[in-house]
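What follows is a single structure, written as structure tokens, with notes after it.
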Amino acid sequence: MDGVSQRVDQRPNRIAVLSVHTSPLAQPGTGDAGGMNVYVLRTAVELAQRGIEVEIFTRATASHIPPVQEAAPGVLVRNVVAGPFEGLDKQDLPTQLCPFTAEVLRQEARQLPGYYDLVHSHYWLSGQVGWLTRDRWRVPLVHTAHTLAAVKNAALAEGDAPEPVSREIGEKQIIAEADRMVANTAEEARQLVELYGADRDRIDVVPPGADLTRYRPGDRAAARAELGLAPGEPIVAFVGRIQPLKAPDVLVRAAAELLRRDPGRALRVLIVGGPSGSGLQRPDALIELAAELGISERVTFLPPQPPERLVQVYRAADLVAVPSYSESFGLVAIEAQASGTPVLAADVGGLSTAVRDGATGLLVRGHETADWADALGALLGDRDRLRRMGLRAVAHAAGFSWAHTAEGLLESYSAALWEFHGARAGVGAGRMTPNQARSRALWRRRMGVRR
């Protein structure tokens, strides 16, 4: 069998997925739950449907949560007790990586040898755990960063706290150690290479997706009626965690500027999400900002919505705004477009991939209030243009499905398995990090394998 055939045939039977700081079962849009939660759960479900057992390890955050939950057929969530259930900020979680890792290793030790074929870690905290489990279990590590400290710190919102140096150091360690890196976009792959010295040959670009069976166009009037919104009022919606990084204040300020220019204009700003992060993190702060700007009666706040209600938010809106200072991709943009709603987004990170500028929405450079007000007014003032954009948005979003993401992950897993075990067996050159070299040397000694 040649090398290509061997690589194609390499496929995991069971994988360990690490999501230390947030559970895939948590409600997106509040706390530390967001797009990554959706990503972890949806890809796990798709992989399970392809015959791969998925076990997700996450930190337990409440005493009533059972140790193991079945998220879907073939998908288990293992809730690991590491530190107090409540009151532990994400910035404090590095102190709990040791007990978390210990419990993950203990759970694997109760199984037969070779229980997991591969580890996939999400976010840098999980990567630190993944690096150790990879060496202990002698299986490849695939890592997805989701966000990068160096990128976030280069585009901080006013008043936002920078990511600590310790995180950037941790990210560099993981990137050096991972067998494969999964980047959401080509832009993220470039950032990994240029900012972190990643090996481009070990990066796989696999775009996230959306649940296209759920997020699809529907009756706007019915959606507005369900949400208690006026039938004829232009609506621009923001969906996400209320934190400086996501910049909901940029939308509120732009709306206020638009109304200052034209006080008689009809406009509704719909904010859907809950508190997170630091600085501008409470809905109350955004409510106070709207009051200061004199547009309180034009802004409606809703808590985070489950998927069956969230699709109605997208359908109800004429436009969805994603004004983030940094985004590795932007799932909200794809979900909105799949629902037939154009997107007004910041021209940052993966949003230039998620949104086709001028076709399915508009990208705004920078976060100046006047620029956002101009773009907002231009789109809301041209109903025909919005309608055409909405049609193109659906077609564009059709290229982003979780099924497609899962297939991309399987290709990355296949490459990781082939390189990892091929290096052991002498098939191909393989690519080994220092820790891999040490662990594989130990494996050779134990198994009596000679070079």
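Backbone N, Cα and C atoms are what each Cβ position is placed from, and that goes for glycine too.
DSSP gives TYR123 (1D-myo-inositol 3-phosphate binding site) a helix state. Residues near TYR123 (1D-myo-inositol 3-phosphate binding site) in space but far in sequence (CB under 8 A, at least 6 apart, same chain), listed by position: SER19, VAL20, HIS21, MET36, THR144, ALA145, HIS146, THR147. Marked as 1D-myo-inositol 3-phosphate binding site by Swiss-Prot on the basis of sequence analysis: HIS21, ASP32, ALA33, GLY34, GLY35, MET36, ASN37, LYS90, TYR123, THR147, ARG167.
DSSP assigns GLN27 (UDP-N-acetyl-alpha-D-glucosamine binding site) to coil, not to a helix or a strand. In sequence order, ALA33, PRO304, PRO306 are the residues of the chain that are 6 or more apart from GLN27 (UDP-N-acetyl-alpha-D-glucosamine binding site) and have a CB within less than 8 Å of its CB. Under the heading UDP-N-acetyl-alpha-D-glucosamine binding site, Swiss-Prot lists GLN27, PRO28, GLY35, ARG241, LYS246, GLN305, GLU327, GLU335.
Cβ environment of ARG315 (Mg(2+) binding site): PRO217, GLY218, ASP219, ARG220, ALA223, SER339, GLY340, THR341 lie under 8 Å away, each six or more residues apart in the same chain. In the three-state DSSP scheme, ARG315 (Mg(2+) binding site) falls into the helix class. The Mg(2+) binding site annotation in Swiss-Prot covers TYR314, ARG315, ALA317, THR341 and is backed by sequence analysis.
Fewest other C-beta atoms within 10 Å: among the binding-site residues ALA33, ALA317, that description fits ALA33. When each of the binding-site residues ASN37, GLN305, THR341 is scored by how many other Cβ atoms sit within 10 Å of its Cβ, GLN305 comes out lowest.
Checked against PRO28 (UDP-N-acetyl-alpha-D-glucosamine binding site) by C-alpha proximity, the binding-site residues GLY35, ARG167, ALA317 yield GLY35 as the nearest. Of all residue pairs in the 1D-myo-inositol 3-phosphate-binding list (HIS21, ASP32, ALA33, GLY34, GLY35, MET36, ASN37, LYS90, TYR123, THR147, ARG167), the one with the greatest Cα separation is 20 Å apart. For the binding-site residues GLY35, ARG167, ARG241, TYR314, GLU335, the greatest number of Cβ atoms within 10 Å around a candidate Cβ is found at GLU335. The closest partner of TYR314 (Mg(2+) binding site) among the binding-site residues, by CA position, is GLN305; the full candidate set was LYS246, GLN305, GLU327. Packing around HIS21 (1D-myo-inositol 3-phosphate binding site) is summarised by its Cβ count: 21 other Cβ atoms lie within 10 angstroms of its Cβ, all protein chains included. For LYS246 (UDP-N-acetyl-alpha-D-glucosamine binding site), the nearest of the binding-site residues by C-alpha distance turns out to be GLY35; the candidates were GLY35, ASN37, ARG167, ALA317.
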